[in-house]
């Protein structure tokens with residue numbers, strides 16, 4: 001269901017995007033590249049200005065943090081590679097199932113009717129507790 005909704009939204013957007021690209025526009029590719037370069041450079045300049053306000057102690061702390069994260073990720077890869085092929089396959093399948101579960105769970109949590117039913121049930125339970 002979610003896939004149908006996503007594809008229903010993405011395909012028209014992609015097709016209109018392709019159509020817009022195939023028609024003539026006010027900007028050439030060079031103009032767009034210049035605009036992207038200018039906005040990219042502005043972002044870089046803004047970040048450089050912000051980074052200049054950070055204390056050296058904080059920078060060192062962040063650098064140590066990143067080094068430790070790299071070490072942790074290396075250790076995780078080593079542990080994973082030590083697993084048997086069967087165990088690695090199991091973990092891969094488990095991840096697929098977790099991903100399948102997370103999408104419907106989000107849909108039911110955000111669906112207004114389910115929230116209304118949950119609120120009604122909790123109200124009924126509260127009323128029973130008071131009796």
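Every residue gets a Cβ built from N, Cα and C, even glycine.
Between the listed ranges 72-101, 102-131, Swiss-Prot ties the annotation region 'Disordered' to 102-131. A mean pLDDT of 95 is what the model gives for the coiled coil (57-102).
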